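S.K.: I have a structure here, written as structure tokens, and I will follow up with some questions on it.
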Amino acid sequence: MIWNLAPKARAFQFVGHQDVITGVQFSPSGNLVASSSKDRTVRLWTPSMKGESTVFKAHTAAVRSVAFSHDGQRLVTASDDKSVKVWSVHRQCFIYSLNQHTNWVRCARFSPDGRIIASCGDDRTVRLWDTSTKHCINCLTDCGGSATFVDFNSSGTCIASSGADSTLKIWDLRTNKLIQHYRVHSAGINSFSFHPSNNYVISGSNDGTIKILDLLEGRLIYTLHGHKGAVITVAFSRAGDVFASGGADSQVLLWKTNFDSRSYQDVLLQHSRRSTPDPPPHLSDIHPRGPHLHHPQPTAIQVSPAVKDTRSTEPHVIQLGQSVHGNMLLNSWPRLTPMQSAAANSHHYNGLPACHVANSRLDGWIEGGSASRAESTAENETRANRKEGKGRREEEVEMSQTHPLEVLSGHPSSVSSTLRHIVQQLDILTQTVSVLEERLTLTEDKLKECLTHQSQILKDLRASRTRRRTESEGTDESSVHST
């Protein structure tokens, strides 16, 4: 879903993936949107009313994440097939694959300069790849569980990784050392985001909270409660003035970044004055009245907004993509009763196209109506015959719409599904051939290097032999002259 944040909000629903969508990201210029899915594909969308998209196929398992390079020319994806793949946005094709993870890869990101790719996965490692040589240049193994997310700061000098063990770690790439380690959540961390100033990090967790970390002071400063369930993703805006969070409660919350405009000590002082549980004692606290309870004051501020307008009004949803024409044709079908629609759905899930189920139900409805009317008077029989003829004409019109409906609504016939499967296999074979060609070129380069080294060694041997011969001849001549 792409949301318009204007007062009269609209949402554009792009339809194309066949399974759960795992990641979405705008290009740096904002004119493209990339999405990854468990249907093993990556789609590149043009965010317009046409809803056009290009499908990238090379992964053999669910794709977990997708991300643009900072110049917008490449895509990097992470998949359950234990690989990280890089794609060309301009040519819209697969370029190369990185294969050294030993388990599912959860996330992959480009560095700001595009020279390094960081990836993490269920093998409890964070790997750094050189995009020029396609080799793994570093492997960080200090992870207590599955590594769920990884990203660079805006300067590219540090990376952070989060894990299912509820920890967040920050590494300095210049020294390859762990410089900060946070354990502030009570459950696994799903996502985090650096502030553009590199002074703050926000993280979302399965414990339902958002944590704000001050990297300069090295501590937790705020805990935000707003989601009723796990926080799946968090992200700062490009300017850093707002950040958004999405949760398992089907809500997207937009937060204002105001913690970087005032001193934390001033905010803490104001917060303690406003909501401290330890007010100064007064006469009502004197014995024999009940003792005044002093609760410990936490160091981090807990923010629990009890606002009523966190959920915006339901926007007008504009559906774009494959199912638009299918819905238009569906609206022209005859209305079915709830029992008939339920039976039609059951037949559909058993593998029958919905249009054929609707036709069979329509036949049954027409035959049932004609049979009931056949037992009445002759006038009723003529009315039944007329309605039966009308029903047959509707059936013929509906049958004429079957073929375009099958193509547009995503329920192909057996022949078209077989052809589509063959095309998918050919795509995979094409990508495999490209990978083999790349490896052959690398092997040829290595062989050329070996041949050049061997020829150089032969030249050196010949030169040394000629030197020895000249030296021996010179010694023989000198001995003859002396005699």
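In case you wondered, yes, glycine gets a Cβ from its N, Cα and C as well.
Since we're looking at a predicted model, the values are computed, not measured.
Straight from TrEMBL, here's the annotation block:
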COMPBIAS  380-395  compositional bias 'Basic and acidic residues'
REGION    271-298  region 'Disordered'
REGION    370-412  region 'Disordered'
REGION    462-483  region 'Disordered'
REPEAT    14-45  repeat 'WD'
REPEAT    56-89  repeat 'WD'
REPEAT    98-139  repeat 'WD'
REPEAT    150-181  repeat 'WD'
REPEAT    182-223  repeat 'WD'
REPEAT    224-265  repeat 'WD'
S.K.: Provide the three-state DSSP residue tally for the region 'Disordered' (462-483): helix first, then strand, then coil.
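M.R.: Split into helix, strand and coil, the region 'Disordered' (462-483) gives 21 helix, 0 strand, 1 coil.
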S.K.: Give residue numbers and ranges for long-range contacts of the repeat 'WD' (56-89): same chain, 6 or more residues beyond its ends, CB-CB under 8 A.
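M.R.: For the repeat 'WD' (56-89), the list is 19, 22-29, 32, 34-44, 95-99, 101-110, 112-114, 117, 119, 121, 129, 131, 424, 427-428, 431.
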S.K.: Counting by DSSP, what is the helix, strand and coil composition of the repeat 'WD' (150-181)?
M.R.: 0 helix, 19 strand, 13 coil
S.K.: Within the same chain, where does the repeat 'WD' (182-223) have neighbours whose Cβ lies under 8 angstroms from its own Cβ atoms, ignoring anything closer than 6 residues to its ends? I mean 6 or more beyond.
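M.R.: Same-chain residues near the repeat 'WD' (182-223) but 6 or more away: 145, 148-149, 151-155, 158, 160, 162-170, 229-236, 238-240, 243, 245, 247, 255, 257, 259-260, 264, 299-303.
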S.K.: Could you tell me how many residues in the repeat 'WD' (182-223) are helical, how many are strand and how many are coil under DSSP?
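M.R.: Helix/strand/coil tally for the repeat 'WD' (182-223): 0 helix, 24 strand, 18 coil.
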S.K.: On the DSSP side of things, how many residues of the repeat 'WD' (14-45) fall into helix, strand and coil, could you say?
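M.R.: Going by DSSP assignments, the repeat 'WD' (14-45) contains 0 helix, 18 strand, 14 coil.
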